[in-house]
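Written below as structure tokens is the structure these notes are about.
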Amino acid sequence: MTGGGRAALALQPRGRLWPLLAVLAAVAGCVRAAMDECADEGGRPQRCMPEFVNAAFNVTVVATNTCGTPPEEYCVQTGVTGVTKSCHLCDAGQQHLQHGAAFLTDYNNQADTTWWQSQTMLAGVQYPNSINLTLHLGKAFDITYVRLKFHTSRPESFAIYKRTREDGPWIPYQYYSGSCENTYSKANRGFIRTGGDEQQALCTDEFSDISPLTGGNVAFSTLEGRPSAYNFDNSPVLQEWVTATDIRVTLNRLNTFGDEVFNEPKVLKSYYYAISDFAVGGRCKCNGHASECVKNEFDKLMCNCKHNTYGVDCEKCLPFFNDRPWRRATAESASESLPCDCNGRSQECYFDPELYRSTGHGGHCTNCRDNTDGAKCERCRENFFRLGNTEACSPCHCSPVGSLSTQCDSYGRCSCKPGVMGDKCDRCQPGFHSLTEAGCRPCSCDLRGSTDECNVETGRCVCKDNVEGFNCERCKPGFFNLESSNPKGCTPCFCFGHSSVCTNAVGYSVYDISSTFQIDEDGWRVEQRDGSEASLEWSSDRQDIAVISDSYFPRYFIAPVKFLGNQVLSYGQNLSFSFRVDRRDTRLSAEDLVLEGAGLRVSVPLIAQGNSYPSETTVKYIFRLHEATDYPWRPALSPFEFQKLLNNLTSIKIRGTYSERTAGYLDDVTLQSARPGPGVPATWVESCTCPVGYGGQFCETCLPGYRRETPSLGPYSPCVLCTCNGHSETCDPETGVCDCRDNTAGPHCEKCSDGYYGDSTLGTSSDCQPCPCPGGSSCAIVPKTKEVVCTHCPTGTAGKRCELCDDGYFGDPLGSNGPVRLCRPCQCNDNIDPNAVGNCNRLTGECLKCIYNTAGFYCDRCKEGFFGNPLAPNPADKCKACACNPYGTVQQQSSCNPVTGQCQCLPHVSGRDCGTCDPGYYNLQSGQGCERCDCHALGSTNGQCDIRTGQCECQPGITGQHCERCETNHFGFGPEGCKPCDCHHEGSLSLQCKDDGRCECREGFVGNRCDQCEENYFYNRSWPGCQECPACYRLVKDKAAEHRVKLQELESLIANLGTGDDMVTDQAFEDRLKEAEREVTDLLREAQEVKDVDQNLMDRLQRVNSSLHSQISRLQNIRNTIEETGILAERARSRVESTEQLIEIASRELEKAKMAAANVSITQPESTGEPNNMTLLAEEARRLAERHKQEADDIVRVAKTANETSAEAYNLLLRTLAGENQTALEIEELNRKYEQAKNISQDLEKQAARVHEEAKRAGDKAVEIYASVAQLTPVDSEALENEANKIKKEAADLDRLIDQKLKDYEDLREDMRGKEHEVKNLLEKGKAEQQTADQLLARADAAKALAEEAAKKGRSTLQEANDILNNLKDFDRRVNDNKTAAEEALRRIPAINRTIAEANEKTREAQLALGNAAADATEAKNKAHEAERIASAVQKNATSTKADAERTFGEVTDLDNEVNGMLRQLEEAENELKRKQDDADQDMMMAGMASQAAQEAELNARKAKNSVSSLLSQLNNLLDQLGQLDTVDLNKLNEIEGSLNKAKDEMKASDLDRKVSDLESEARKQEAAIMDYNRDIAEIIKDIHNLEDIKKTLPTGCFNTPSIEKP
């Protein structure tokens, strides 16, 4: 059974509670099924609730008082006077004796009852001291009942409070008291009338009887007595009333039999609070929008919300469900939150009350997408437009300067001012600048040097690359010849790189180098791509030359010599020719026109520079010889490199064939140049201003006395002065080599010839003399001593005459110290620095410079203070430092065992380096060994101590270095440590107790802790300590002793009361009792009559009230800062506390007076039965006095509550006004009012002092004062609270206004964020479009290069490219073509196999050519896979396809460049290695043969050339169409993709992949052979260079030379 179920069974309601709970139970049974689900069977929302539970079950209750700490005795109340009570021990430290708060909410087992218990009345548990039991539910619950089961008698007075939020105030729920009016100022068993305040707490004495003594129940129903309980769904007041997050039970007063007044300890121990069960029945509050509560990630309870709500209690609508206000679900309506209608353009909205009132829909959309606006995002924002109702709104972006209006038309076009253009009127028209309110002004640019455009802001012209000036009217430094036809504007100075200053040369005219073929072929010839000759045909009829191709490989027209050589004067000019083909089946390449020279090579496709495709009609092609990007020569060269190429032009190649078995016809070839002489001026020829040492028009020669600094560079080399050191007057102007004499040598006569020594740089004929060395070996002169020494001694020897061992060697080569010993290397076990000098003794071989911490004759041991293996190969594994700890080592030795490294340790010291003490020892720093810790066996925790101080680790409360004694103010030394004495600082003579824990008390104090006053002593706050009561109280003490004796007799009589058979009647006793009642009644009447006696005090209080009202009216316009008002409030609070202390003193004096009155002697009758009757009379009088005291206490409580309420209202007012501006006048006025209040407060203190004195004289006067003070409360608290609420309301309105402004700001910010995002997108789109435009020509060229490469690489690549185009343009027709092409490829596989076999037979003889063919085949397959990948990607992302295509084009171009680079490297190797010329020629011949043999393998590739013209145009269209694939028929595309996959499967079935793989394998073998060949060439070149360097360093004669290995 759950906790909630047990609680329900345990609750037995009675009285009015039972009918209401019965009704609620019936209703719950009817709707149980409905409450479980938040939607009915049809999916319609309905009210749902979590299950009914005991919310308190196993929830921790916080109790402010619990017995057992320290252990204490309590007695069970029997209710029979005189009977010996059963006493027990409450000890929180023992499980079976503890009664903690956890027992309040555990399982309530009737057979084994557990309960919470407070301390007894002996410990001060009684009114006015209260105990709070606080239950934190964790979240809001709808509370049905609160039930308490008491283990002792129910309290006389207790209250139940609740909080509706965890940080909110405590609200009274219900009061239970036998004195409702006096204790809680509530009417007993009051009720709520219809229309009354249904959130008020009631009070009843129904459960305040002292019986039963155990097991009494108190059940509080939250809806009992509430008129609207049966209309709960429509009562927000009761919905708030049953809501609680916390429940608090405040126990105010115990129920007693009255015998506690005699302070008998055993009696006091029998009075205490004890509760066995604390149950709270209810449901997790979810407002009808959830059927369960769950724990979140923070282990907090919250509702599992439905109906589009959220929040801990489902108290809010989800962010997008604000179409109507949130409501609590009812039985009639689920009140689910409805979504906002934003037309699909927003996911955010808020509830707009005004919109809801006007339209019935309150969802106001925010952050509308697509630049829309309106409550439902139904219209475009201002200055936006859209073409259709379903389209997104686009910003007009009309320029505020260039447009006539910021609003555009329905197409987004703005109205522009004069000279302004663009849809947005944001830029000047071409040729205009300086956009202003009046429009744009025209530019004034020099058309020769500008693009006819100028800066739209400043009017500064946009110059060509090599032009400068505001109007682009002059060339930049280093450039000349400003002309409009030059895309760069000016031509860079060439001058062979020696000068950057040049001008237009005078005397040059235009000259055309041409071939018209009127007589013959004019020296032109034809080559194949591999360089082999091919036939050329000259037609006398057509007067042109032709070439016919019988294979796929292209053939080139080769220009004659007159077009070659120094053609630098053609830089920037045109090369033109007329060309046609016999059929349009053409496939272009990136090398249709090739220029070579000076080690450089450039090429362009035939259609570059705006030329058209070749056709049957003769077309004139014009190519500008310039490096600008407008003329895409590849690779790109710098201006200097391009002119360098033309300065030594070695080859012009024009491609003649573009497909298999086609012919190409060439005519009218013209190269524009210049020459000296009359004619049309050639302004592009330069005349350089040369620096010193240079001559010639172009600075191409060195003047006399100068030479080339780098002869191999020719005219490009700088000119420097000849350097011959005085041994020659002439030098070669090109190489700079001097014609030396006087036994000198070197290019500059900078050294003596072999066998001679001296300084040839002195410039005399006797600079070089013969060497004095035997055998004529080379020698040198020591600069300082001028001594001649030999320079080529044998290895290991040294000295002026090679008579000594060299450094690093030892021996006696001349036998000067004994027998002859040859020089040998030093033997030091690799423990020396090979780069050091003097590692060993040159005579004995003793090692002198051992490293790695080694020593010994051969560095074969570790030196002192180190250990390890000196012969280890790794230096890190050799000798390491001992690093002995000087404090733990015998005599502080630094040495150790040379092998193990163990140091010699002192006693009780351990570790290799003697750095630690043995366990249980310390003080290593003493240097005498470690000392024993000697920790006390009981006082220490583990016997260990601090290794430095020796301090042991002690048990709690124990101290001393060895843990041998208790700490100060502790006792009980033992294994668990020492316990604190805890002596009271005022009552004990010393804070140190005795061995048994008892403290020595001062006079008047008693108790183990000296924390209680002795009998007939009292505690005085103003004078700390227990003071003896006045002498008159001794009589009271004596009387108390007498009464104790009488009380014992009375208890004895009561115990024997039931043993007699007859009842005793005593008329005298009854009369006396009535007289006592009359006296007490008169006393009460007099106390009530004197309430209005002190009119002076009431007048003062009235003035205080008036003053406070005046302050309230002034404070409505005052706004204080928190700091100032906090100081004032603190001072007022101090005054209130002082007044409370005075009232408390008066209360104690009243208590003393009451006790004295209770002890007044009453004359006893002489009758035998009278003693018993008189005792009863005294008891009755005591009860009356107790009741009067209770009334006085109630008056005090009311006064105190009024004071606190006034202080709270005042503080609330101050907090409400915090943060506002405050003027100096208002501060002064407030200070004045405060001084008045302070004076009044001082008067109140004086009045309270007077009350104190009167209370000492008579208790009745104290009652009068308390009653007067109680009348202060209603006036001040209500007025202050009303004013505070008014100002609080104003602050709340201001907060709502601020929230609205913040919301508007957030809306504006989100709107601007959307605009920013749109602007960024437009900028990115503009950049992308600009890049696309900039790269358009490059893409076209790349497309052409791809087409030519596809034709060259094989039929499969072109077929895949055609598949892509067919899939995009003509799906149905292209499917059949794909299938036919695949079958064609299958039929040609045998021809490929035959070609592979023939190529394999000639592999060794034609490595280069076959390697190229294999590479082509590999690339063919790669391109096929690449095309397949691109086709797949096009279906997903058109932009990715374009990027892949561009990257593929770049890879093809790079591949061609790499092949060309390899060819150039081979040519260089052939030039440098003349002895292999014949082999190279043979290789070229074999390559030609291999090419012939490989033609059959490439027949399929040539067939693909038939459709090259249409392919090129289609590819150009493809670039435009790839960005417009939004309307592609995906179904059709998927169908075509299936057909394509089917065709691929058929190709795979033909085993083409395996055959291509075999070809790839063979290609890899050939590539490896080529790489080996290249490596051999590189090594040979290095060897040659090495030999040349050696030759330069050798003297003319050598008498002791080692053999040189030949390359």
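Cβ atoms here come from the backbone N, Cα and C positions, even for glycine.
Worth saying up front: this structure is predicted, and the values here are computed from it rather than measured.
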Bond partner of Cys790 - disulfide, per Swiss-Prot - picked from Cys771, Cys773:
Cys773
Considering the candidates Cys917, Cys935, Cys945, which is the cysteine that Swiss-Prot reports in a disulfide bond with Cys930?
Cys917
Nearest of the disulfide-bonded residues (Cys284, Cys768, Cys914) to Cys1013 (disulfide bond) - Cα to Cα:
Cys284
Give me the CA-CA distance between Cys472 (disulfide bond) and Cys425 (disulfide bond), in Å, as a whole number.
27
Whole-number Å distance separating the Cα atoms of Cys905 (disulfide bond) and Cys930 (disulfide bond) is 10
Rounded to an integer, what is the Cα-Cα distance in Å between Cys752 (disulfide bond) and Cys425 (disulfide bond)?
83
Disulfide-bonded residues clustered about Cys882 (disulfide bond) [Cα within 10 Å; pool: Cys293, Cys314, Cys463, Cys768, Cys862, Cys903]
Cys903
Listed in sequence order, residues with CB under 8 A of Cys416 (disulfide bond) and six or more positions away
Gly402, Ser403, Leu404, Gly422, Cys425
Cys314 (disulfide bond): which of the disulfide-bonded residues Cys284, Cys879, Cys903, Cys930 is the nearest Cα neighbour?
Cys284
Ranked by how many other Cβ atoms lie within 10 Å of their Cβ, the disulfide-bonded residues Cys425, Cys1013 are led by Cys425
Cβ neighbours within the same chain of Cys463 (disulfide bond) - under 8 Å, at least six residues apart
Gly449, Ser450, Thr451, Gly469, Cys472, Gly489
Helix, strand or coil at Cys768 (disulfide bond), per DSSP?
strand
Rounded inter-Cα distance in Å - Cys284 (disulfide bond), Cys917 (disulfide bond):
64
Cys768 (disulfide bond), Cβ-centred 10 Å count of other Cβ atoms over all protein chains shown, is 23
Spatial hits near Cys903 (disulfide bond) (Cα distance within 10 Å) out of the disulfide-bonded residues Cys896, Cys914, Cys930, Cys966, Cys978 come to Cys896, Cys914
